[in-house]
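Presented below is the structure to which this report refers.
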């Protein structure tokens, strides 16, 4: 790589601003450690007049993709626009003009990564995307740049900071999902349309990227079993905590003879689980590899500077490693399998008017007895005049739990709101539980 | 790097055996990803007849350093003997014969790393040492291979698995240090002479290595403020937990205008601290960098395969990156400063016969009032007929706490066993505490 490196910055939003400011602030560190003087020479923006809160030479700002892509002096493009259009076309043009591209675009990499990586290889340049997953956490570097002698066969991650912030706040304060979501939107932690974050689409994009890297293959992001957090209530988090668990939205990938189980779901994690204490907007990923075992990385998953850091470490890798950077190979299609239907542990809760509560709890006992499952814990909480009942079920399949929900919903006149969540790990033997304030006599039978 | 790579293995103990077995088991993965066929051709052992629990060609085993070092076919030496002698001489000879060296030797790197790295540079070969710190956790790679645009200005780590196992077991079971140590020795987690592990020498070696990498400098390992865990008692862990803290042996490095504060000490970590839940033989490191913020890595800090993984990932880095690997520069001496004497939070405990307890607790109140400190929490526990009292002190310097200990020890006839520990972070406002079974009337005054 030559000594003077010129960068074209595509987008000057939160991440773009962080990249620009950091390249200025740390240019001596970068020069000292890479031998290259890096300079941003051209920036694509939507609005030249926008107030950005930092100084930038007006002459550098451009409204025209064509102008930026035609700028011959640029060695490396950094794409921080996001979304599929126009980012995909822009990156294709940049790669075809034999310039390296660094992107933070998870949706684009998850949906079109294989094709874009092929294009980069054909043009003898690199397409790097550390910033597309878990912000400042170098999990892509771990998988692609570090773990070479290791085979990774399981990935678990808290990959969406917005949902993690919402779940953390709900658990801390017992407030409802809509209430905390509204607050997160005010704080800028959640977007006006929060669907991608709270329904698990964003986490699914990131999980697909990590899975592709771990398995040198390409999964269909549409095939990922996805469940969001919008159905989780304050009482659920409260009762799960009393049972000794934290609820986290977990992206999970695991080998399953030739295929890979892929899911993004809220899960109950026991207190000892390395991800159970990762709160607020933090992200974390646990990689399970054949030699090193479990490796957990925790850090800021989003935000101006953590994401900028990931972009710029991709840049310094280009400057120092160049052609030595190992290229991902996403050519082999990999089928996504649903979670295996083996007996495991599940959390079941339902909310009803108090009069129906005892009938429901007795019905759950009958159903569990019928399918040979066990009730390891049972808790109740009064909530806005209704009763919230929660069961920790062992030795049942997910289908059996869903059947239980169908059957018990028959016995009450009101429409039943029920929630079923996966429980991570074995239920500790001899779990103790005591009935809550409004527990029933019948509880004794579960003991 | 040529396609056939021959390795000389110096030592065939736990780690050496793991390296040998893993290079065999994963040779196809390594070939596929590096393009190199790696083969162990010569192994230095102390005893050729020793039962190793795995098959290895007798002809490959050698008792002579000279023979191994003279073996012209060897491209890379892996040193897993440990200690200064003869490892230092062997590595010097290998480097001078222009062969790369990979070592797991923390004591050697901490004490003579600068000189050995200089020798490697002079000979145009590499000396790699990922396995010397935190076993399978790639923290050296993070500092030297990944964080290039970032400046790391603070390091906190659980760097010794043996002490962490002992502290975890003591906290879980309330058993005494000697009792748990003996068990750890039976389990092979602790050596016959546990001094290096439990008195913080081992952690200090690792902290020195990480500090040298973070600051591109060289600290004197003797200058590290070091406190072991042997004075921590079961009741201390119990009462700290009731106060909402976990006790961990923490290696800590932090900028302090031109110098660096270095310490290895047991510290009280609040439950929310990312290292507070890292238990048993696991290690963890939190790096605080100027762009990315806090990055925490958690994994197995020791053991056959995690350590072998670190050694072999160094090997694959040599095969794929070769001369592109960034060389550490440890030429600049860096002074180690003691922790700044600013007011902070401390844990103080003392054990006395019950008759003296009230006088002592009143004396502590007087001392704290005199130096303007506060008592944020107070707990007591009966222990083997004696009373264990513990205070959580705020707004005091370490000297003031030690003076308090001196002064209160004057007022009792018996020799007083007292313990002073650092408390991480601010004491949460409005800490609640209740007196334990054997608490006193006077406790009320602290509320």
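Glycine is no exception: its Cβ is also placed from the backbone N, Cα and C atoms.
All annotation found in TrEMBL is predicted automatically rather than curated by experts.
Note that the coordinates shown come from a computational prediction; the quantities given were computed from them, not determined experimentally.
Long-range Cβ proximity for residue A:206 (active site, proton donor), meaning a same-chain Cβ under 8 A and a gap of 6 or more residues, is found for A:106, A:110, A:132, A:133, A:134, A:157, A:159, A:160, A:251. Taken from TrEMBL, the feature active site, proton donor applies to A:206.
Around residue A:17 (NADP(+) binding site), the same-chain residues at least 6 positions away in sequence with a Cβ under 8 Å from its Cβ are A:52, A:53, A:54, A:304. In the three-state DSSP assignment, the secondary structure recorded for residue A:17 (NADP(+) binding site) is helix. The NADP(+) binding site annotation in TrEMBL covers A:10, A:11, A:12, A:13, A:14, A:15, A:16, A:17.
Every protein chain considered, the tally of other Cβ atoms within 10 Å of the Cβ of residue A:106 (NADPH binding site) stands at 27. Residue A:106 (NADPH binding site) falls within a helical segment according to DSSP. Residues or ranges marked as NADPH binding site in TrEMBL: A:106.
Taken from TrEMBL, the feature L-homoserine binding site covers A:191. Take the CB of residue A:191 (L-homoserine binding site) and look out to 10 A: across all protein chains shown you find 14 other CB atoms.
Look at TrEMBL and you will find A:11-130 tagged as domain 'Aspartate/homoserine dehydrogenase NAD-binding'. Model confidence over the domain 'Aspartate/homoserine dehydrogenase NAD-binding' (A:11-130) stands at 96, taken as the mean pLDDT rounded to a whole number.
The domain 'Homoserine dehydrogenase catalytic' annotation in TrEMBL covers A:138-315.
Across the fold, the C-alpha of residue A:15 (NADP(+) binding site) and the C-alpha of residue A:191 (L-homoserine binding site) stand 15 Å from each other. Each of the binding-site residues A:11, A:13, A:16 was scored by the number of other CB atoms within 10 A of its CB, and the lowest score belongs to A:13. Within 10 Å of the C-beta of residue A:12 (NADP(+) binding site) we count 24 further C-beta atoms, all protein chains included.
Across the domain 'Aspartate/homoserine dehydrogenase NAD-binding' (A:11-130), the DSSP tally of helix, strand and coil residues reads 57 helix, 20 strand, 43 coil. Counting only residues at least six positions away in the same chain, the Cβ atoms of A:16, A:43, A:44, A:65, A:68, A:77, A:78, A:79, A:80, A:81, A:87, A:90 sit under 8 Å from the Cβ of residue A:10 (NADP(+) binding site). The residues near the NADP(+) site, meaning same-chain residues not in A:10, A:11, A:12, A:13, A:14, A:15, A:16, A:17 whose C-beta sits within 8 angstroms of the mean position of the site's C-beta atoms, are A:9, A:18, A:19, A:20, A:80, A:81, in sequence order. For the pair residue A:191 (L-homoserine binding site) and residue A:14 (NADP(+) binding site), the Cα-Cα distance reads 13 Å.
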